[in-house]
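Chemist: Here it is, the structure, as structure tokens.
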Amino acid sequence: MLQQCFVWRVFVAVSHHKTNTWVTGKPFISKKCRLDVSFWPKSKPVICQVSHSPTPLRWKSLATTSRVVVGVATLYAVDRCFASILARLSITFPSSLAGMLFTFISLLALQKVELYSKSVSEHIFDWFLPSVQFLARWLAVFFVPNLVLLPLFPVKDPLEVLRMVILVVVCLIATLLFTAYVASFLSVKERLWNQRSSSAPPAVASKTDPPSAFITSFWSISSMASAVGLYSLMMKKRHFSSVLFYCYSLSTTLTGFCLGQRVPTFVKKWMHPITFCTVFTISALFLISRWIAIPFDVALNTYLRRGVGWWRITEGGSAGNLLLTFLSPAVVSFAFQMYSRRKYMQQYMVTLLLSCTLASLFGLFSTAFMAKVLQLAPIARVSLIPRSITVPLAVAISSMLHGSISLTSTAVAVTGILGANVNKELLSLLGIYPFVARGIAVGASSHGLGTAAMAEEPEAFPFAAISMTLVATISTILTSFPIIRRWLLLVAGLPCASFPK
């Protein structure tokens, strides 16, 4: 009987993942050593020490990764859907902003629909949260490809370029401060400031840690390995490998971003990781072009090719295209940031609408006036007017004013990168701490790049996102009226008859 009991115990142990011990609240075998299980005391099994099954942590990590992939793909699909709809309707409006507004309004509409003791909006928000956090972590790097092409801007008259830079800097600061003080004034008049936003500076802390040392090392090693491979092929076979250049460009950009996140705090104050990553990538492309003996402009144009799918590596697809692909779902994900601060936004809705309307008027007309004061060329005056608006709508405004699209795009990029570096520090230096004023001012003065820089201030970020959208939309609507266009041309010192109505 004892042997039978021993065999039974071995069988039970093996059936529980080969565990060598069995924890029970009472003696495992009764005194009579019965084989009938009904006579046994209830046992309390523990997790086996030797098991080949995946741990719960691994399963959780796999599930989170799957949610990130599916979530980003869903946000990208929303953007593509709106791009198709807007194209069919012949409406000039960024599909990512349309998707962001649609998602935000949908979340608000589904708040009152209950499902398993929570609203449908809360379920959607919780499910997309890993994707939103992933996009927020890497948000800045998605803006880099457009900035890397800045050295391709043709410089015909250095003095003219200097005057344009002065205009961008002066108007950026003027729009930032004007909007900040207007938003502060309106919010105080409404008596809606809470104690935290009016008494002390907000806690400026990133919601996610910088990329780990392993990720930084991985992309650094990948960059160096790709560079060595490119050099070997060019020297031995005189063959340029698109695949290796693709890998080099992507890994170099991500390395620059990872290193930019790890620079000392005092450097970050005046050199945002976006700027660091841009300078790092341009320098790396310049070095590789010298090393493998190709023109620098060819390296830049190979880094980002408009209208070519990122997956067509051997047919002209580039790393810049891949990074830009993530920009649209990242902008759509702003809706979840706005939804998380919906109560604040509801409280300050009047302040938000009035501030954005006044900021739109001030931004357009102050730029036109400064262009006249600095005696810029006529084409430069009209091209720089929409400098503080996101690129798709800035191009639309420039077309209505018959400006240069390339010059407008460059001015928008320079405005954004300057705003990302100086906006927050300038507002803090002047004692402007309320998160509503900070968010509205940054979004209104430096569009998407400035908004991305505000991601480190969770309370101000939603206001920056909606401010960027409202200012771009209001400015486009205003410029669509012929009388506004005539006034802009008059303020810029240009005869209205020289431009079609």
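Along the chain as shown, residues are numbered 1 onward.
Positions of Cβ are set from backbone N, Cα and C atoms, glycine also.
Below, the features straight out of TrEMBL:
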type	residues	note
TRANSMEM	93-113	transmembrane segment
TRANSMEM	134-153	transmembrane segment
TRANSMEM	165-188	transmembrane segment
TRANSMEM	213-234	transmembrane segment
TRANSMEM	271-293	transmembrane segment
TRANSMEM	313-336	transmembrane segment
TRANSMEM	348-371	transmembrane segment
TRANSMEM	391-414	transmembrane segment
TRANSMEM	426-449	transmembrane segment
TRANSMEM	461-484	transmembrane segment
Chemist: Report the listed stretch (134-153, 165-188, 213-234, 391-414) having the maximum count of Cβ pairs within less than 8 Å of the transmembrane segment (348-371).
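Modeler: Stretch with maximum Cβ contacts: 165-188.
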Chemist: Within the same chain, where does the transmembrane segment (93-113) have neighbours whose Cβ lies under 8 angstroms from its own Cβ atoms, ignoring anything closer than 6 residues to its ends? I mean 6 or more beyond.
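Modeler: Result: 75, 78-83, 86, 119-121, 124-125, 327-329, 331-336, 338-339, 342, 390, 392-393, 465, 469, 472-473, 476.
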Chemist: Tell me, please, if the transmembrane segment (134-153) and the transmembrane segment (213-234) are in contact, taking contact as 3+ Cβ pairs under 8 Å between residues separated by 6 or more positions?
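Modeler: Result for the transmembrane segment (134-153) with the transmembrane segment (213-234) is no.
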Chemist: Does the chain bring the transmembrane segment (391-414) near the transmembrane segment (213-234), so that three or more CB pairs sit under 8 Å (pairs 6 or more apart in sequence)?
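Modeler: Contact criterion not met.
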Chemist: Among the recorded stretches 213-234, 271-293, 426-449, which has the greatest number of Cβ pairs closer than 8 Å to the transmembrane segment (165-188)?
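Modeler: Checked against 213-234, 271-293, 426-449; highest Cβ contact count belongs to 426-449.
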